[in-house]
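Worksheet: the structure to be examined is printed underneath.
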Amino acid sequence: MYLDKYSASGNDFVIFHGFKSADRSALAKRLCHRQEGIGADGLIVLLPHESCDFMWEFYNSDGSTASMCGNGSRACAHYALTHGLASATMRFMTAAGEIISRVEGDEVESQLTAAKELLAPFEEAGARWHFFDTGVPHLVTFDLPYEPVLARTMREKYNANVNFCLYDDALHVRTYERGVEAETGACGTGMVASFLSVFTYLGGPEVLAVFPTSQEKLQVRIDASGKLFLKGAVRRVFSVDIDMRIKQ
Ligand SMILES: N[C@@H](CCC[C@H](N)C(=O)O)C(=O)O
């Protein structure tokens with residue numbers, strides 16, 4: 001089984017392509033395991049699609065599926081170009097809708113699906129929260145430093161990813177990710193939800209530099225028609241051929 005390991009600003013993924021849809025939840029858990037597998041935040045499988053360049057199946061490291069992943073979309077676009085599955089500008093289908101990605105060297109920009117505000121801003125646990133769906137649901141606060149116990153409480157109550165932000169001349173975001181059940185190095189849809197909170201409620205600009213936990217800088221922007229874009233470098237860490245028959 002041939003696969004690639006990618007890092008997209010510190011959010012890491014195992015990626016391969018196949019021909020058929022299947023329940024790959026157990027495989028995702030096995031491959032993503034940090035001690036007994038390759039280790040990753042998620043598994044992405046590219047599959048043929050009738051009208052797009054391809055479609056994907058996306059799994060978190062705990063085997064759950066997610067409808068979208070911003071950093072995963074950038075990593076898988078680079079994978080698709082590298083493996084001759086698409087040209088540098090490509091369209092692919094996710095459970096959240098169609099994504100358009102453009103690859104230029106190691107820089108990849110993805111145009112995400114239209115965002116929705118799930119709840120008006122609200123106060124809870126001594127903080128003000130914004131709640132956006134940018135492909136998956138994200139809570140965002142600017143009032144508190146990263147706090148894992150509160151992150152876990154809010155994640156469970158709202159079934160959402162949870163972002164703790166600092167906004168100065170740039171945006172700094174730490175994300176507790178659902179399905180990884182921990183803080184990850186970066187979360188693309190979380191950075192876009194945080195950007196939207198700044199843009200909508202704090203009078204922020206149309207383009208912002210965003211620094212996730214990994215400190216690998218990205219750019220988030222909104223165009224005149226409200227389309228949202230996430231851009232940054234991705235890195236193919238290695239390619240490997242593994243024997244999946246070895247099983248304890
Ligand atoms: N890391 C991703 C988000 C992946 C899905 C998320 N963990 C969920 O289950 O909601 C990103 O870069 O957007």
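In case you wondered, yes, glycine gets a Cβ from its N, Cα and C as well.
Per TrEMBL, these features apply:
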type	residues	note
BINDING	Asn11, Asn60, Gly70, Asn71, Asn161, Glu177, Arg178, Gly188, Thr189	substrate binding site
ACT_SITE	Cys69	active site
ACT_SITE	Cys69	active site, proton donor
ACT_SITE	Cys187	active site, proton acceptor
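Ranked by Cβ neighbours within 10 A across all protein chains shown, the recorded positions Asn11, Cys69, Gly70, Arg178, Cys187 are led by Cys187. When other Cβ atoms within 10 Å of the Cβ of Asn161 (substrate binding site) are tallied across all protein chains shown, the result is 26.
Here the Cα atom of Cys187 (active site, proton acceptor) is found 8 Å from that of Cys69 (active site). When the Cα positions of Asn11, Asn60, Gly70, Asn71, Asn161, Glu177, Arg178, Gly188, Thr189 are compared pair by pair, the longest gap among these substrate-binding residues is 15 Å. Cα spacing between Cys69 (active site) and Thr189 (substrate binding site): 6 Å, rounded to the nearest whole number. Of all Cβ atoms in the protein chains displayed, 32 besides its own lie within 10 Å of the Cβ of Thr189 (substrate binding site).
Other than the site residues Asn11, Asn60, Gly70, Asn71, Asn161, Glu177, Arg178, Gly188, Thr189, same-chain residues with C-beta atoms no more than 8 angstroms from the centre of those residues' C-beta atoms, the substrate site, are Asp41, Gly42, Ala66, Cys69, Gly72, Val136, Thr175, Thr184, Ala186, Cys187, Gly190. According to DSSP, Thr189 (substrate binding site) sits within a helical segment.
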